[in-house]
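Before any comments, here is the structure.
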Amino acid sequence: MSSNCTSTTAVAVAPLSASKTKTKKKHFVCQKVKLFRASEPILSVLMWGVNHTINELSNVPVPVMLMPDDFKAYSKIKVDNHLFNKENLPSRFKFKEYCPMVFRNLRERFGIDDQDYQNSVTRSAPINSDSQGRCGTRFLTTYDRRFVIKTVSSEDVAEMHNILKKYHQFIVECHGNTLLPQFLGMYRLTVDGVETYMVVTRNVFSHRLTVHRKYDLKGSTVAREASDKEKAKDLPTFKDNDFLNEGQKLHVGEESKKNFLEKLKRDVEFLAQLKIMDYSLLVGIHDVDRAEQEEMEVEERAEEEECENDGVGGSLLCSYGTPPDSPGNLLSFPRFFGPGEFDPSVDVYAMKSHESAPKKEVYFMAIIDILTPYDAKKKAAHAAKTVKHGAGAEISTVNPEQYSKRFNEFMSNILT
């Protein structure tokens, strides 16, 4: 099952690049015709499909309440001989959206406007991330880094259907204030007879603050170190033992720690009730002083580049500006923030370090990978690991109740 993969469902702003957007002029080119140009057909189909389904939904009145059938519903379209724009889109493809009314309702509860969501996915092609699950799970981010697009398996789609009603009810009850993944859309794309399933979530990390270090934490210490291959990446995903061996702590202060752990406990109890396990806490750390230094270096380079571009009369785009063949956007221009500042309505998982912390940091923390039920395969894996490591070892495949308890205890110990 693809859910056995460990993966990172957040995409960080790459160091030494995010700050370019502050100094470069932004030229947003509004196109009369949308051209869903991307480096590969599957992404063009995703852009076309999200654009189509959001447009269709805009004509459907918002119901007073969701009905049981909404959790089984889908919309699908088959496109044949699509001659218009054929240099970008395949001539034949199919696009299916699962539970459109439910995900529209979830987007609203998470404070995400459908027009903004549509623009983020369709205005410019999604960007590949170097984050990848062991089973080849693929991650992309929308051009503005606000949303993450993840390929999933048909089993994951089935599990989403299994939990969606209870997940939606939980989001209603907590008013969208949760550390759980914010599921915003689920799709099936068929190109050349190959089916690809994709889920869109809010990015855990900031769309503008650089993440300098990140961790995938499960509360388990058996085989929980980053591989040498992972460590060679620009922004490796470190694990539990790496975190402990570094003596790392997240300095949030007593009040923030209390509030965070209360939210975490509620979320994790919900997952245990659903018999879900193997989830992680994804942690990203933004070093404010380091970011300021990087920004100064980037600004110097950006000014030189701007002079060169202005010299040849070309309009200079910011790192996620509109290419000349992309649809325009209604999103407002980003506000300017001071070092380490963020908009809590956008960076919903962000938390500042306490003023007494040794370094000024911003932490991004959320639960990821919640589509792993405790089924027969997990029970067999648990038995095998218990034989290998002993009954007392902190292996990752324990039952959901044990997993949630251990998870909460570990997270309580890393916050200070």
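A Cβ is built for glycine as well, from the same backbone N, Cα and C atoms used for every other residue.
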Listed range which Swiss-Prot flags as region 'Required for interaction with PIP5K1A', given the options 43-49, 64-70, 267-273: 64-70
Given Swiss-Prot lists N203, V204, D369 for GTP, the same-site residue among K214, K359: K214
Of the residues T322, T372, the one that Swiss-Prot lists under phosphothreonine: T322
Pairwise C-alpha maximum, in angstrom, for the residues (R202, N203, V204, K214) that bind ATP according to the record: 17
Protein Cβ atoms within 10 Å of K214 (ATP binding site), excluding its own: 20
Nearest-integer angstrom distance between the alpha carbons (Cα) of K94 (N6-acetyllysine) and V204 (ATP binding site): 30
Between D369 (GTP binding site) and V204 (ATP binding site): CA-CA distance (Å): 12
